[in-house]
Amino acid sequence: MSTVNATRFIVGDDKHWTFGYNYTDWAIKNAPFHVNDTLVFMYDPPTNITHPHSVYLMNNLRSYLACDLKKARMVGNVIQGGGSGFEFVLKKRKPHYFACGERNGIHCTIGLMKFVITPRRPCRG
């Protein structure tokens, strides 16, 4: 009998979800991703000395490239990344376009806070 093996990824590894880190490189280094894998987004809640972050799932490649949040869906607000973070399970074999939506997309545009992954079929063990 085969079982489905899923992997849990901390987005950004020890850098977590932060301004100025290249998440496209992170995604390339951690590929391949599979259906049922879990992404864990961790970031500090907003304070007087930290920038708030959030996580949006962009609607399509065009929105992702332009960091256009108009049709994006928030999957993690500015406080959900605190502590042990929040989990996003990759449930479909389709491109997933992630971006930080703070500062009207500036974190996405100039802060490299975006990445795309397309999960493969579930990994069988």
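Positions of Cβ are set from backbone N, Cα and C atoms, glycine also.
Per TrEMBL, these features apply:
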| type | residues | note |
| --- | --- | --- |
| DOMAIN | 7-121 | domain 'Phytocyanin' |
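Across the domain 'Phytocyanin' (7-121), the prediction's mean pLDDT works out to 95.
Within the domain 'Phytocyanin' (7-121), the DSSP-based counts of helix, strand and coil residues read 25 helix, 29 strand, 61 coil.
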